[in-house]
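The next block holds one structure in the form of structure tokens; read it before the comments.
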Amino acid sequence: MSSRGVTAPQGFVAAGATAGIKPSGNKDMALVVNQGPEFVGAAVFTRNRVVASPVKYTKKAVANGTLRAVLYNSGNANACNGVQGDKDVHEIVDYLASKLKVDPLDIAACSTGLIGEPLPVTMIKAGVDKLIPALGDNGGEAADSIMTTDTVAKETVVKCNGWTLGGMGKGVGMMAPSLATMLVCLTTDACVTQAQAHAALSKACDVTFNTLDIDGSTSTNDTVILLANGASGITPTESEFNDAVLQACADIADQLQADAEGVTKRVRITVTGTTTDSQALNAARTLGRDNLFKCAMFGSDPNWGRVLAAVGMADADMDPDNISVYFNDQPVCLQSGGTPEARQVDLSGIDIDVRVDLGTGGPGKAFVRTTDLSHQYVEINSAYSS
């Protein structure tokens with residue numbers, strides 16, 4: 001995808017900078033600015049009840065009806081910092097607003113990094129001073145600046161009929177439905193209302209980011225933001241706009257899965273044959289979070305017994321004597337018993353498709369995306385601490 005990302009649509013500028021938050025010295029702040037003429041903003045947030053200070057603030061900003069800018073910092077989550085964390089995000093946003101000459105509630109704030117560490121306000125203000133003069137066609141630098149344990153920047157561009165949608169994202173660990181530990185910013189020069197933007201974003205998140213389950217942990221900071229400015233002068237149909245937002249979210253979700261911490265396998269789990277879609281989703285998530293199953297995927301082992309043991313724990317209607325399991329479309333378990341060719345199924349490739357029929361004949365169906373559990377995942381997360 002284009003390295004321009006969030007600056008691919010007309011009327012958006014961005015920048016990345018080093019404020020010194022990360023001990024590595026890598027870039028750790030980004031700014032995306034909507035130059036108008038319209039300033040539509042919509043967002044979807046974490047469902048974790050422990051919510052970071054920037055999420056609290058950005059919820060208020062989005063409810064205000066307009067968004068002109070999004071400020072990002074990486075290396076510090078500003079989560080679980082109590083009242084001081086709330087004060088700090090207000091102070092930083094007020095500082096940026098004074099520089100941009102806009103209302104503070106026209107600015108969203110997003111943070112990612114270590115939880116429970118005080119926000120280095122002085123550093124971040126100095127970072128703001130670097131970002132503003134650097135604003136331009138710098139979507140790639142902004143995407144680089146929001147990474148934490150990511151190994152590559154994640155960007156997308158969707159070219160439509162006279163209008164464009166761009167985006168960037170970050171996140172490779174602590175991923176589970178309710179987004180993932182991730183921040184995503186989408187921008188478009190299409191003419192849309194806030195209601196249209198919110199509806200499209202919510203629908204897209206449900207079938208992309210909310211199906212991504214790397215390790216069962218849900219972040220305090222998840223935020224997906226969509227900015228629209230109408231600079232193209234084009235008003236797409238509802239279907240056209242929904243499709244573009246879905247395409248962008250799906251692309252970023254694929255990139256998140258591919259760069260998940262320690263990933264050696266990309267696994268898609270589809271569950272059918274239960275009473276409702278929600279039951280199927282529960283079973284798929286239960287399997288996707290099961291460590292024994294994930295270890296089997298790391299070892300390229302078509303261990304259908306671990307699949308049955310995992311889905312048996314799910315809150316879903318099933319016929320325990322009639323469950324079928326397929327790896328890469330090859331039957332390894334039929335009517336809850338192994339097939340003769342089960343151990344010969346080749347799972348040595350990066351992508352593994354797992355299909356489970358719970359055997360009730362019901363219409364319920366759902367899928368999730370996950371990864372294996374590797375040595376590197378443990379190494380990364382044992383080293384990532386305060």
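Along the chain as shown, the residues are counted starting at 1.
Glycine is treated like the rest: Cβ placed from N, Cα and C.
What Swiss-Prot lists as active site, nucleophile is Thr181. For Thr148, Lys170, Thr181, Glu261, Asn381, Ser386, the entry in Swiss-Prot reads substrate binding site, with the evidence type sequence analysis.
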As a test of the contact definition, list every same-chain residue at least 6 positions from Lys170 (substrate binding site) whose Cβ is closer than 8 Å to its Cβ. Ser74, Thr112, Ala143, Ile146, Met147, Thr148, Asp150, Ala153, Lys154, Met182, Leu183, Val184
Mapped DSSP class for Thr148 (substrate binding site), helix or strand or coil: coil
Under DSSP, is Lys170 (substrate binding site) helix, strand or coil? strand
